[in-house]
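Asks: Pasting a structure below so you can have a look.
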Amino acid sequence: MGKNSNVCFAELEEIACDGEKPLINPVTGKDYFCGDGPDSKNCPPSSYCHKTTEFAKCCKEVIMIKSCADTIHGCCPDGKTTAQGPDQAGCPSQCNCNRLGSYSSTCDPVTMQCPCKPGVGDLRCDRCEPGFWGLHKISDGSSGCSPCDCDQYGSVRDDCEQMTGRCVCKHGIQGMKCNICPAGTVLGPDGCMDASIAKAVSGSCEELECFHGAKCKEKHGEVQCVCDFKCTSEDRDTKSMEDHTVCGTDGNSYGSECQLRLFSCRYQKSIEVAGEGSCFKLNVTLSTVPVSTTMSSARRSTETTTRKPTTVAETKIVREITDEPLENLLQTPKSALEFSTPTTVNVIGMPLFSGKSYLELSKLEAYSRLAIELEIRTLANDGIILYNGQTASGKGDYVSLAIKDGYVEFKYDLGSGVVVLRSSQKLQIGRFHRIIAKRYQRDGMLSVDGQDETTGHSKGPKNFLDLGEHLYIGFVPGSVEQIFDNIGISTGFNGCIRHFKIGRQYIDLKYPGSKVLKAVDINECNDDSCTSMPCLNGASCIVTDDQRYFCKCPASFTGRHCEVQLDPCASEPCSYGATCISLTENKLSCLCPPGSAGEFCELETSEGGDESGITLDFKGDSYVEFPTLPNAAHSLRVEIWFMTRSLNGLLLYNGQKPNGVGDFVALTLLNGFLHFTYNLGSGTANIASLQPIRIGAWHSVKISRIKNRGMLQVDDGEIVRGESKGTLSELNLGQPLYIGGVPEFLPLKYSLVVQVGLDGVIQRIIVNDEIWDDILSFSTGQHNIEHFTGPPCLPDICKNNGRCIPILEDYRCQCVDGYSGKWCNKSEEIMEMNDNVFNQPVKFDGSNFMQFSDGTRGMKLKKTRENYITITFRTNQEHGLILWMNKGPNMRGDYIAIAIVRGYITLSFNLGKETVPLISKSRFKVNDNNWHTVIVKRNKRLAHLILDNTPSITSTSEPGATELNTDGILWIGGSTAVPSGFPEAYYHGFQGCISSITIDSESLNLSRGYSEYCQPS
């Protein structure tokens, strides 16, 4: 050890007060000395003497707190969190800190400020600070909001879109961060400009010649051509902006002639005024025009002049836009610029596609690798961008790029399974987007507008892409169903394509052109009638012919431009048999039946926590206290399940001030009628039920309010509406929420007739779609509350330690492991013994369906993030539904289905975000009457379909949901619960034999109760 021994001991050297600051003697101003000797002092109270051979210091005593009850301010209402101040100050119930943006659920007891993560601001840490974005991405692992990082030269402002981080760019600048200029230009303080004027050069202005309005400036021995003029809006006080708009000979519209000259200078291109007004209105097209240039030998620029056509509607100014490098300003041009009589040729510069249009090019050279880069402006949410296949029939290898439901999809098949890569964000209609799609052997990548890359790879052994047919851009002629199945859609592209690049080579899409073999129904991008975005409310614009179009409206709109909104309930958005109510301001509300909740009643509510089977009994002077109703200022939804023994009583009350003055909301019983009462500060609304309730019976009451309008519904009865008087529309609450009654000392609003509490039972409370099953865990106080032991949950109604879950007058038994049945009275061990006796393939004739419920053999069917399903079957039929689970009466609800469609095995599922069925199918047919095994594996949004150990078929659902929420009923062999809108095959029962079904490693007993079996082979 020798030399290094001192180093080791130095690392173990003891530090006074364990690194904390020692106490100072106020008399001497020095540290207390508590060692041996005449100067030794006793340490003050609440401190101790830290004494070694090297020092003797007084240190502050560290108090070890075992629980929040030992702290100075005690516990918060949850009994776990330490209160930060008196009267439960700084507790989560008062702070309401955002769970994503805040480090903690507690806050400063004085300022109520929550501790925010980096880039997150506001009192509750519920929004990004200016110049930051992406609060939602914290749930994916981000440490906080991300800086916008908008380019200081290219962006209009410092902030950006909160969901995407996209910056607002100046004219002519692109990219997520506004840092991309057109080819040949660079970004500077004044925006994009020609590279030749972006930098100063050595010399003098005598040697430098400037063009297109630029002027030479000299500084520190260097010279530079600058566009030293700005465009103002001083003359726009008397004219509208449209009066100033001019069309340039480059085919672009400019806000004024000054702006046109400014961009001509910055881009160092000759741009002249083709006419007044926008290019769209003038119908200006582009073509080749003979030009000549004459420049003075002087060092300063000479302004070019334009001879405008006498009638713009009759004569078109046309000029070819080339991809040639921009002329360097240090070179002197040889001729002068002036316009001669224009001549039109049929050259398409930037192609416009109108749904059936297409360009045909030679096949892609993509055997081992492929890189595609292009910019598109789409006018619809669906469209084929490009397709290249191995065969004309669609069989074999292929690669495709398309827009589906607004998302970009990059697909390729090397012969061992399809790879589908989907963009993370939807495209914005009418705006140019940059798409990059790459493939190297089995690996693929997709990126849109610089967003996070989507990656994937082919599962099979093949590495190479064999292509034999031509490349099609915009559409694939011939209506070959297999090709459309490969792509995923059959709709052609509607919009414009530019800057098309394959590998390192830009492909000129001009037609006629050397690369384009054939062009069908292609127009110039600047000429179409859809460019002006006439379709409203997210509709797709479809070009039909010259200057004609029609708008393809979404389901909730109609009219020529989709400007007329239909009933928002027309699409049946509410699940599980809920009632849809059309509200003001294009909104709707779903009134959920017992057992469901959520915005669209998509949530299962019949299960709860440990207290979900307990109902609370109120005695007339009882009450339960909660924190103030959350987020009730503009809207509120409350549902209460209750039973009363009296005709009068208070169910709910929340006020603004402790003396009963100010805003309030209340739900009361008066002479057997339910009254929903609220005041927003300018008048009281009183909405009463049409029929009295029945004493001793279970009832469900739903109340809701949006601004000053409210509604009330009892059970499934008629909805009663009303509104408060005056102009105020915001509900301001400041006091606790009381259920079942209020304390004796609390004065109620003078306008409330009922002043007594509820004599009855409350079974369930749902506030703003949040289920309060364990009611007492939410409470901050209670008085004279007992547990109710009457029906429907009578003592010992559920056997073998099963728990009774009340659902109004009905109930459900939640069984422990090993038992099942309505009353948990069936031993699964005995049933398994019976299963082994009758374990034979079961015959299905198309009408004998089977049902299995959640909890059978421990299966979880209701809320799952993963599924693993294995089915062995045989059939000779082309159609039939094998497996089905869903929730709700329409396609919007969650579901999963395995079916035979046209002889292929298919998988379809929806986690709640699909607008059209998401269906993947096998590569081979299965209706050959041979035994087949299909495996379905789902992990959140990603699903795999595997048939007989062949390569998997992969599909990915829409972002925004990862959990499959069903009603817990598994159908085998067909179902009577399939909503309308699915493929016809889903409504046919399965005809054939099933030998085994395994759900998440649990085998189903298919033979129980059936006498007709199939031969195993």
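Each position is counted from 1, following the chain as shown.
Just so it is clear, glycine is given a Cβ too, placed from its N, Cα and C backbone atoms.
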Asks: Just confirming the record: what cysteine out of Cys97, Cys128 does TrEMBL connect to Cys114 via a disulfide?
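Replies: Between Cys114 and one of Cys97, Cys128, TrEMBL records a disulfide, namely with Cys97.
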Asks: Could you tell me which of Cys178, Cys181 is bonded to Cys169 by a disulfide, according to TrEMBL?
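Replies: Candidates were Cys178, Cys181; TrEMBL matches Cys169 with Cys178.
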Asks: Could you identify, going by TrEMBL, the member of Cys107, Cys125 that forms a disulphide bond with Cys116?
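Replies: TrEMBL lists the disulfide between Cys116 and Cys125.
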Asks: For Cys160, what is the disulfide-bonded cysteine listed in TrEMBL, choosing from Cys145, Cys148?
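Replies: Recorded disulfide partner of Cys160 in TrEMBL: Cys148.
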Asks: Could you pull the disulfide partner of Cys95 out of Cys76, Cys107, going by TrEMBL?
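Replies: It is Cys107, per the disulfide annotation in TrEMBL.
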Asks: Of the disulfide-bonded residues Cys95, Cys97, Cys116, Cys148, which one sits closest to Cys169 (disulfide bond) when you measure Cα to Cα?
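Replies: Looking at Cα distances from Cys169 (disulfide bond), the smallest one goes to Cys148.
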Asks: Through the lens of DSSP with three states only, how would you label Cys178 (disulfide bond)?
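Replies: Going by the DSSP assignment, Cys178 (disulfide bond) belongs to neither helix nor strand, so it counts as coil.
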Asks: Need one number: mean pLDDT over the domain 'Laminin EGF-like' (95-147).
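Replies: Here the predicted model's pLDDT, averaged over the domain 'Laminin EGF-like' (95-147), is 84.
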Asks: Where Cys125 (disulfide bond) and Cys114 (disulfide bond) are concerned, what is their Cα separation in Å, rounded?
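Replies: Here the two Cα atoms are 6 Å apart.
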Asks: By CA-CA distance, flag whichever of Cys150, Cys160, Cys167 among the disulfide-bonded residues is nearest to Cys97 (disulfide bond).
Replies: Cys160
Asks: Using DSSP, how many residues of the domain 'Laminin EGF-like' (95-147) fall into helix, strand and coil, respectively?
Replies: 7 helix, 10 strand, 36 coil
Asks: Of the disulfide-bonded residues Cys107, Cys148, Cys553, which one has its Cα closest to the Cα of Cys116 (disulfide bond)?
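Replies: Of all the candidates listed, Cys107 is nearest in space.
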Asks: If one measures from the C-alpha of Cys167 (disulfide bond) to the C-alpha of Cys178 (disulfide bond), what distance in angstrom results, rounded to a whole number?
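Replies: Here the two Cα atoms lie 6 Å apart.
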Asks: Cys148 (disulfide bond) to Cys95 (disulfide bond): how many Å between their Cα atoms?
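Replies: One finds 28 Å between the Cα atoms of these residues.
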Asks: Does DSSP put Cys150 (disulfide bond) in a helix, in a strand, or in coil?
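Replies: DSSP call for Cys150 (disulfide bond): coil, neither helix nor strand.
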